[in-house]
């Protein structure tokens, strides 16, 4: 018989039992037999009877007779008759002898004696019914005393059947009777196990249970298909009564998650019929598996408290907000279904356990809608992150995305083959960082409009999670460049439109670009070659190698592969390379660096030939001698670990100040510190920095010596002195000699971001490449995490093959967060992007 059929049979038996109990209430009575001979001659095979033999009734036996007569009604429901057998005075047989008469009761099935009960164990109706059924159901109800016995039964049942484990402090109680009566109905479906051992109850529970109370656990052994897999246990939270046990077993026998494809108003499950709420997890086809895992996770947490159903949006036309991810249907007649936006599974559980939670959530959402417009401007003032502020500011603005192609699972791979270079932004339309980058990406599309061979496209990973999993996209947003026949390149820099467009354009050209003639090399240094980059203002770095310097050339090539998209690198190793290098007074291997379209070329000899040394040297040499500090480039200079000689200015610095500071930067002491300046108009965060140093913003310009890496002391250049090379060097000598008093000292406490997701400096740290054993082989890099992640990342582009082995577990394994439908509908982001056209 199937499990489903068994459940229907058990329900029918239980209902018939209840009906019969009502019909026979008051009609069942104690049967009487004139003699033992008469009683035994009338026994029928298969019929069960509880008999007690009595001579003339004494006054002391009257209480027992009252209880045994009262139990006749209850036992009759189970087909057990209660018989009083009169013993003649001359009868001294086994049952009428002095040692048994009115001291024992006997349970017979047909003429076979099953069990003898001392009458002091049958002290009331509960004890009589409990002990009699316990004797009858010796196969259906196992009694255990030790944990080993319990585990042996569990192991035998795994993959086959479930177990109902009951603890009662003592036999013969009302709880013991309830368990036995439930076993009479459900004993053929589940294995019942009983104990009175408090130590065993504690051994099977994670908490410290109250051993003075009865307990019942439903052990889901049928789901444990492996021997080492434990049986999940769900405790009955209500008192141990027959009705509560029946209700609990009905709930345990219901499907863990019900998949529905019709109007939720029409759905009725056993949970609703038993007075429990039904939780709907809203899903769609693309995320069905992830949503199902989430639903199962929630269902296990709410087992016995609420039902869980998986409702597909694609199959049901719901007239609700698209960001709603959970619905709640209560058993109360006339109550509408509540559609809510919840952030994680904990909120779903709280929603069921706290009846006031629904009202609170709805009130909060209503307040947010009413106050949204009023608070919009205020929100921008209190945001702790510029990305969130940008999304909040632009959430009503329609983004110009017409020039960006939308990719799906169907057209993704064909689209990659249509263009020489395809740029793909993988993002999540519910996530703040993604929406901010999408705005920047739309500006890039305008900047690069009409650029030959470049196609900008986007993939919404919420709509196409399988595609993003296949492409091994593990962080939002992620920008990749695909070229036919080559590995994809993942962007790892800042998300401003200028940096993004620069990366895309530089990625068009091989890095390093191999130059064939002296004329090409000279044109490259002047910024005229190749033509694709002629409009770009990037410094040109040219590696010059001879045939005898293959080790340095291979390291340079591998460094170029790593820096692709971020650096303009060329390589010349023809027969006349010596003539080219001698023109710039250097011998191969060497680097030629042209910062301003060839008007001045720096010669840098290469003394170290490892890839790590090559990367470090290239990055260092590309740094400006006297840079303007901005948010994007600050990490590059902080990584040097040197003190800052920084000039704060209210705008552009004067030509004289620039000239004098440049002399200091180029001087002999330039290796000891970073000479730089900061324009407060372009980088207003500088005002906050100065207030940290001096409490108030000092008069500008102001020149400071700041050592962030040792001591945190801040020294201020005397404002009465003009900013000249001689004055600055003299002041620095006094600092070194300890003759200057610091204007302030920074706290030793780390300047940590408010959240780990805002640790952008760590994200931008360039990782040390993992070198391959074979020269020229591009190292496989882990995909860098975008803003909001916690993996170190740098200005390098990483090359990788799209993974084909990403499993569904990686996409949507259950956990705290609501996966699938929930991420883009997360409550923490609903204010930021819910009016955006992407939603």
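In case you wondered, yes, glycine gets a Cβ from its N, Cα and C as well.
What TrEMBL says about this protein:
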COMPBIAS  363-386  compositional bias 'Acidic residues'
COMPBIAS  792-802  compositional bias 'Basic and acidic residues'
COMPBIAS  826-839  compositional bias 'Basic and acidic residues'
DOMAIN    31-133  domain 'TXNDC16 N-terminal'
DOMAIN    134-255  domain 'TXNDC16 second thioredoxin-like'
DOMAIN    256-347  domain 'TXNDC16 third thioredoxin-like'
DOMAIN    404-504  domain 'Thioredoxin'
REGION    360-386  region 'Disordered'
REGION    765-839  region 'Disordered'
SIGNAL    1-28  signal peptide
With DSSP as the reference, give the number of residues of the domain 'TXNDC16 third thioredoxin-like' (256-347) in helix, strand and coil. 27 helix, 23 strand, 42 coil
Going by DSSP assignments with H, G and I as helix and E and B as strand, what are the residue counts for the domain 'TXNDC16 N-terminal' (31-133)? 36 helix, 30 strand, 37 coil
Could you count the residues of the domain 'Thioredoxin' (404-504) that DSSP puts in helix, in strand and in coil? 35 helix, 25 strand, 41 coil
Sort the residues of the domain 'TXNDC16 second thioredoxin-like' (134-255) into helix, strand and coil with DSSP and give the three counts. 48 helix, 23 strand, 51 coil
Restricted to the domain 'TXNDC16 second thioredoxin-like' (134-255), the mean pLDDT of the model is 91
